[in-house]
């Protein structure tokens, strides 16, 4: 590959990195722990903590992903 091609590739990669939106994976998790698993059918209510309102966390219980108020353990 020519030096011009390498510079173009480097420029495109840099631009892609700058323009890539911040994903939820880069955000810190919310404080607290998820409460015990609820007894209910499978439901996918959320994808991550930031898809839940307020202080609620996206809690995964196998086939259940739902927004729940966190519990805090000392």
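Each residue's number is its place along the chain shown, starting with 1.
Heads up, the Cβ atoms here are built off N, Cα and C, so glycines get one too.
Taken from Swiss-Prot, the feature signal peptide applies to 1-24, supported by sequence analysis.
Feature annotation from Swiss-Prot assigns domain 'WAP' to 27-71. Averaged across the domain 'WAP' (27-71), pLDDT for the predicted model comes to 91.
Taken from Swiss-Prot, the feature disulfide bond applies to 34-59 (among others). Other Cβ atoms within 10 Å of the Cβ of residue 34 (disulfide bond) number 16 in total over all chains.
Counting every protein chain shown, 9 other Cβ atoms lie within 10 Å of the Cβ of residue 42 (disulfide bond). Per Swiss-Prot, the feature disulfide bond maps to 42-63 (among others).
In sequence order, 52, 58, 65, 66, 67 are the residues near residue 46 (disulfide bond), counting only same-chain partners six or more apart with C-beta under 8 A. Annotation source Swiss-Prot lists disulfide bond at 46-58 (among others), citing sequence analysis.
Secondary structure at residue 67 (disulfide bond), as computed by DSSP, is strand. Annotation source Swiss-Prot lists disulfide bond at 52-67 (among others).
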Checking the disulfide-bonded residues 52, 58, 59, 63, 67 for other Cβ atoms within 10 Å of each Cβ, the smallest tally belongs to 63
Spatial separation of residue 34 (disulfide bond) from residue 42 (disulfide bond) - C-alpha basis, Å: 17
